Structures are given as C-alpha cells and as structure tokens.
Amino acid sequence: MQKLKEIRTRFAPSPTGYLHIGGARTALFSWLYARHHQGKFVLRIEDTDQLRSTEESTRAILDAMTWLGLNWDEGPVFQAERVDIHRAMIRKLVDEDKAYYCTCTPDELEEKRKRALAEGRKPKYDGTCREKKLPPSPGTVVRFRCPQTGITVVDDLIKGKISFNNEELDDLIIQRSDGYPTYNFAVVVDDAQMGISHVIRGDDHVNNTPRQILLYQALGYDIPHFGHVPMILGADKARLSKRHGATSVMAYKDMGYLPEALVNYLVRLGWSHGDQEIFSLDELIALFGLESIGKSAAVFNPEKLLWLNQHYIKTYPEDRLLEVLQPFWKQLGIEAPDPDYGRSIVRDLRARAKTLVDMAESSTFYFNDEPAIDADAAKKFLTPEIAGHLEAIAEALATLGDYSKEGIEIFLRSLVEARAIKLKTIAQPLRIALTGKTVSPGLDDIMLTLGKERVIARIQRTVAYIRSGMAS
C-alpha cells in the first residue's frame, strides 16, 4: 500500500442532487489544501446508491465544480465501478474473522432498538450473530467485528483530539443484504487505495470516523489525517436549507453571480486570514491552512455574498465580463452586440450592478431604439415646457464637433447656462428620453455609448411624445 507522503485530498459527492453550498465549500477547502501543498486533488463520485444516483446529478456536480474553477487531477472515479474490489475486501475480513454474517431481520433490530430506548440504554447491536459463524446466505448482511474494549482517538486537524470508547461502537454493517458495500466501508477502501492522505469533510461525519479508523486498522491500511469542517447555518442559526434561499451552486450562476465571488465568499465561511475580505485564487492557495478554520458553525449571509459579487463585477476584466453577460442577454432576446458597443455598455453599467442579471436587465435600453417610457416618470418630468429644452438639445447636438465624454459634459453645461436653467431641470427628462426610466448610468456615459445619431433620434421621439399629449 502506498505510504502517505504526497498530500492527496479528495471530494466525494453522492450524485443524488445538485452541488450545494456546503459541499462546494468542502470541495474548495480540500482543493485549496492540495494546491497549497503542491499535492493532488481527486474527484470520486460515490454512486453506490443505485436507486437515487443519476447521471443528471453527476453532470450537474461536474459542471458546478468546473464553473467554480475547482479542477481535479484524477477522476472522476465512480465508486459503483469498484464494487467488486469492495466485496473482495469484505471477504478478506470475513476470512480473517474480522467480520461475520448476520441474519437479524430489520424487524428484530427495530424491536431491540425500542427495548433499549425504553430501558434508557443507547441503542446498539447486541451481537446476536457475532459468535455464530454463520455461512453466507440470501438476505444476510456482513458486520464488522468491532473491538469491544479500548479507546479510538481521532486527532482531528480542525476540532482537535476526540476520543471514542470502542464499547459504545456498533458492529456496523459493511455489506447490505443486496450485496452492496455500505458507505463507511467503501469510503475506507477507496480512500486507502487512492492514497488519500487528508480527508477533509463536513462535521456530520465525525461519528463515522472512529468506525472508519478501526476499519483502516483491520484492513492493514495507513490511516489518513482527518479534518472536519463545521456546518453552515442560516441567519436563524438553523442548518442551511432551501428556506434560507438558494443552496445550489448553479442556482447562483443562474442568478448572475460570478464564480470568483462565490469562491471568495465560501472560503470565508469558516476560514480567515486577519481582517482581509477579498482574495484572489493565487492568494488563497498561498495562504490557506486548516489551522485557520474556526471550530464553530459559520452563518451564511446573502448580503455579504452580494457585496462581494458587486466588487468582482466592478473589477472583472472587461472582455471577460462581456463574455459572461451573453447568456443573460440571450435570455432577454438580445443578440450579442458589436464588441466595441458591448464594452461601452459594460463600462457604463458595471459600477452599479450587483449581479449579471441586474446588468442585463438594466441594459435593455441600449438595444431598443424606442425604449418604453415609464408612465409615472413621464407624468412627473415630461412637461410641455420641457419639450422646448429637449428640442434645443437635439438641434445643438447635431452641430457638436467634440462628441467625447468631456465634450458632452461641456456641451450640457453650456446649454443650460445659455437657457438660464439648472442642469437638474433637464437631467431627468433627458435620461427618460434616452432610457425610458429615471435610474441609469451617468448621462454623459449613456450619450457617448449610444452615439450622437441615436441620442438625437431618441430626443426627437420624446419631444413628439410630449407634444402628442401622451406624457400627461
């Protein structure tokens, strides 16, 4: 068996649903630990639950991992393809009298469980078949012969030392009556044979760990290091679930979050480096360590994630932001714009946008030469006297030579001075003429991006709209 020298971590999801926030954080921590130590990150799909495992879920998990940028060095390895190996190792334990066949029925076990609870005892298999030396037969399970004395110590890299009395541990089932290995057995064989040196997983697995350590010892395997990550809670301090909002990684993609924002947020759910909030992936790889993961549960804060997403939208490479916007425009029926026009739109909108959905939805006026005018805004701002001011703007623009951002700013200031009005008098009417609404990027930015011809045409259309009486 391979000695545990190289750092090798793994992520081993069950393909029974989508990749959720908790699993993604576990994968991220395992990935970062491997990358920090120049080790290997292995992806294993634990698909031995034949009834619940689906190809669709497997694809969704792989897509989510890829979107987050968590590339794997080996795999995906499918656990179901290794069942013959698991069965061979179970036979080895039976042959060595470290496991035995059990014929106790589920009804009998349930009755014993109820009796133990009624008598104030912790439910535990009573060893009925432990010394019977039963042969294999249809419907039997295989149980591991757990030591009945001594203490098993888990030297957890996050939680510290945890001790378990062996007498409190069951003779756990390692092969079900259908012939398939149980989770606790298959995971030990797979981790050992794949040379996994560090098992980083959620703390709901803490109680599995002493049983797994005993299995490692019985099979003659090196025992890996374990690190159990505290769970993620909602704002109400209950375990994170759908009632707290989206929990699927790809749901956040669909809502317009950037993968860098989600990765940055997930790593801060339990891990910290001083007061630093924003980390590049290279920084995370350089700084990450299990010793900086807190022992208490982390609370999921959607507002903080939104703040991070807004930061990344502001700082994302322009061409990359234009690229990731395309699917959201497509959903709105908007064709991909000319690259130069698209970049200008991105520059206009990125400062205010919190998500890519926000960005796409607030950009529609750039693609519609007759943007729908908000009725309430029209009633408030598009008064008859405004028509004259807008008409003057359109006429003066036609002869404007310097149609740059600075030139537009000077033009607007000069025009309001000449007409003895304040800029705010025409700012909102002009904004409505160009966009149909009262909230948008700066006027000079919009005018520069739309171009002189579009701006003049939209102003003239709005003047006609006012004089037709439609604004009142």
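First residue shown is number 1, and so on along the chain.
Heads up, the Cβ atoms here are built off N, Cα and C, so glycines get one too.
Of the listed segments 74-78, 129-133, 239-243, Swiss-Prot assigns motif ''KMSKS' region' to 239-243. Given the ranges 2-12, 13-23, 398-408, the record in Swiss-Prot names 13-23 as motif ''HIGH' region'. Look at the Cβ of each of the binding-site residues Cys102, Cys104, Cys129 and count the other Cβ atoms within 10 Å; the largest number goes with Cys102. Separation of the C-alpha atoms of Cys104 (Zn(2+) binding site) and Lys242 (ATP binding site): 38 Å, rounded to the nearest whole number. In this structure, the C-alpha atom of Lys242 (ATP binding site) lies 40 angstrom from that of Cys102 (Zn(2+) binding site).
Neighbours of the Zn(2+) site: apart from Cys102, Cys104, Cys129, Glu131, residues of the same chain with C-beta atoms within 8 angstroms of the site's C-beta centroid are Tyr100, Tyr101, Thr103, Gly127, Thr128, Arg130, Lys132, Leu134, Arg143. A 10 Å cutoff on Cβ-Cβ distances gives Lys242 (ATP binding site) a total of 10 other Cβ atoms nearby, all chains included.
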